[in-house]
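**Q** Before I ask anything, let me first share the structure, which is written out below as structure tokens.
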């Protein structure tokens, strides 16, 4: 999950390896639902060697606890550390959507789509489709759902959303 930085001195390489091991532990704890343990482990990972991934995943736990401002602060830290990492931009958009701040979410999703290091563009298109749908921009919504399906043909939520809009038009 964590990408190693280029050309670290030996002492920083050891710190990065500790951060990676601790990040992996944090991720396991998070997937098991131990959010307190995961938060502590992500913080330890950051203390060893700050990474955009650790800040982003720490933010996702805050969001699961509905602490959106804290979640977005972690995303901002991630972006400051690695502006090419798309996940925190995407997550900022989803946290704003969760607060029904639709218009504010759009530029964050657009930045996620432009990020060099981002593999979940189909989710971003789906979310942009949801926003367009809420705004009554059905053609734009359908375009985003189609783009999501081009990237992930088995993405059932996007397929269902697209079919629902087709049905509404008839």
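Each Cβ is built from the backbone N, Cα and C atoms, and glycine gets one as well.
The repeat 'TPR' annotation in TrEMBL covers 52-85, 122-155.
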**Q** What are the DSSP helix, strand and coil residue counts for the repeat 'TPR' (52-85)?
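**A** Taking each residue of the repeat 'TPR' (52-85) in turn, the totals are 27 helix, 1 strand, 6 coil.
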**Q** Give me the mean pLDDT over the repeat 'TPR' (122-155), rounded to a whole number.
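**A** For the repeat 'TPR' (122-155), the model's average pLDDT rounds to 98.
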